[in-house]
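Lifted from Swiss-Prot, the feature list:
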| type | residues | note |
| --- | --- | --- |
| SIGNAL | 1-18 | signal peptide |
| MOD_RES | Q19 | pyrrolidone carboxylic acid |
| DISULFID | C46-C102 | disulfide bond |
| BINDING | N116, R165, D174, H208 | Ca(2+) binding site |
| DISULFID | C153-C167 | disulfide bond |
| BINDING | R202, N304, R343 | chloride binding site |
| ACT_SITE | D204 | active site, nucleophile |
| ACT_SITE | E241 | active site, proton donor |
| SITE | D306 | site 'Transition state stabilizer' |
| DISULFID | C376-C382 | disulfide bond |
| DISULFID | C448-C460 | disulfide bond |
Amino acid sequence: MFLAKSIVCLALLAVANAQFDTNYASGRSGMVHLFEWKWDDIAAECENFLGPNGFAGVQVSPVNENAVKDSRPWWERYQPISYKLETRSGNEQQFASMVKRCNAVGVRTYVDVVFNHMAADGGTYGTGGSTASPSTKSFPGVPYSSLDFNPTCSINNYNDANQVRNCELVGLRDLNQGNSYVQDKVVEFLDHLIDLGVAGFRVDAAKHMWPADLAVIYGRLKTLNTDHGFNSGSKAYIVQEVIDMGGEAISKSEYTGLGAVTEFRHSDSIGKVFRGKDQLQYLTNWGTAWGFAASDRSLVFVDNHDNQRGHGAGGADVLTYKVPKQYKMASAFMLAHPFGTPRVMSSFSFSDTDQGPPTTDGHNIASPVFNSDNSCSGGWVCEHRWRQIYNMVAFRNAVGSDAIQNWWDNGSNQIAFSRGSRGFVAFNNDNYDLNSSLQTGLPAGTYCDVISGSKSGSSCTGKTVSVGSDGRASIYLGSSEDDGVLAIHVNAKL
C-alpha cells in the first residue's frame, strides 16, 4: 500500500511539474486576454500584431456552447450548455483554424474552461442549438443528468470549504467532479482542445472544486500535440482561478501543487501602489514578500475581465483602462519585473457591468476596427495595442532572465532599476519631476525610450536617452507628462 501511494505521489509530482511550463515559443513572453473576440479576428491578430510584436500567448473566452441570455451579457459564456465548440466567437472549424494560425506565428492558445458547473435556471437553449433544463439538471448536449451534480444548496459562507466546493455558485448547477462519468466528460472535452493544438487552460472557478478531483482530471490529460510545434511529452499549462485574499477557509496553497494560480493579490497590490495608496519605493521587494504565490505558480495581471467590473477581488483599488496613465505605469512595471507570468488585459469598453461585447445587431459580435496608430475603435479598447504596453512586451523579451539590478528610489514615489545590462526603467508617481543621474547598467550609447515612442530604423519617434561610458544617464520624467514611465533596452539602441 505504501509503495502504491508513493507511486501515485510521484505521478502527481510529475504531472504538477509539467503543468507549470507555459509552453511558450523561445524568446517570447507575456500573454494577452482577447476577451470576447471572435476566432477569425484572433487568428488575424496573431498574424498581424501579436506574433510580430513578441507576444507569447493569447487567452481566449470559453469555447464551448453556452446559454443564450437576454441582452447577451458577457457572463452568459460562463453558463455552459454543452461541450460543443459553438459560441458567438465562432464554431469548431474556425477555432481549430485560429489555433493553427496562431501556433504558426509563435503565439500559443490558452482556453478559459468552465467545468465547475453548468448553466443556471433560465438557460434553456444554447449558442449551438442544444436545449437544456437546468431546473431538473438535464443537459442532453453532453449529456449530463441529475446524477452528475451535487445536491442543490447555496454558497453563503466562504469560511466553510465544503459549502464553497459542493454548493452552487450564484445558482449555477454544480457538477460533481468526484463522479467518474463527469471526469470522463471533462477529460474528453479538454483532450479535444489539446488535439486541436492548445497550449493550456485557465480553469474557471477552481476554488469551487476539490483539489483531489482536479488532480485526477489533470493527471489524465493527454500530452500536447507535437504537430503544433510542442516538444514531445509536454503537458498543458494550467492556471487555476483561485481568489485568495486571505481570511477564508480555502487557500491558493491547496492548488499550487497542481498548477499555477491567478494571483489576485498582485492585481490588488499593484492597483494600490499606482493609485498612490502605497509608495513606489516599497516595490523593492515585490514578489512573495507581498503574499503572492511562487513566481512560477503566479499568473499576474493588473486587471482581469471580472475585477475590472468590480467582480472577483480588489474592489475600487483595481486599475483599468479607465485610468490610462496609472494603468500604463502599472502594466509597464508588471512587464519590466521578472516576477510571475504576466497577462495583459484586452477589453471592450463598457458603462454597465453586465454589458456584452460590441455587436452588429445585438447578437453577433462585431470585429474590432483598427486605426492608423494601432489603436482600436468600434467599442474595443485593445490595451494590448497601446504602445506603452506592447513595447514593454518587447522589453521583457529583450531582458530575458536577467536579474533586477541598480535599484534606485527617492524614498517616495520615484523608482528605477535595470534588468542586468539589457534594460532599464524609471517611474515617477510623485507630483514633482524626476530629474536625476542614474545608473542604467546599459552599454554606452543612445537609446530610444520605448514608452514615448518606438525605434524606427536608426531613429526614434519618442524621447532618446544617452548612456555614458560609466552606464549613467540623465533621466527626466516630468510629473505632468502623459506617461509616468521611461524604458530603454538593448534592442532599442540607435
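A Cβ is built for glycine as well, from the same backbone N, Cα and C atoms used for every other residue.
Counting every protein chain shown, the Cβ of N116 (Ca(2+) binding site) has 25 other Cβ atoms within 10 Å. Summary of the Ca(2+) site environment: with the site residues N116, R165, D174, H208 set aside, the chain residues having Cβ atoms within 8 Å of the Cβ mean position are H117, N150, V164, N166, C167, E168, L169, L175, Q177, A205, K207, M209.
Within 10 Å of the C-beta of C102 (disulfide bond) we count 29 further C-beta atoms, all protein chains included. The record gives R202, N304, R343 for chloride. Within 8 Å of the mean position of their Cβ atoms, the other Cβ atoms in that chain belong to M31, H33, Q59, D112, V239, E241, T262, L299, F301, H305, M345. Only E241, of the recorded positions Q19, C102, C153, E241, C382, C448, have a C-alpha within 10 angstroms of the C-alpha of R202 (chloride binding site).
C167 (disulfide bond) falls outside any helix or strand according to DSSP and counts as coil. Secondary structure at C460 (disulfide bond), as computed by DSSP, is strand. Among the recorded positions D204, D306, C382, the ones whose Cα is located within 10 Å of the Cα of E241 (active site, proton donor) are D204. DSSP classifies the residue listed as 'active site, proton donor' as coil under the three-state reduction. Secondary structure from DSSP puts the residue listed as 'pyrrolidone carboxylic acid' in coil.
C376 (disulfide bond) sits 19 Å from N304 (chloride binding site), taking the Cα positions as reference.
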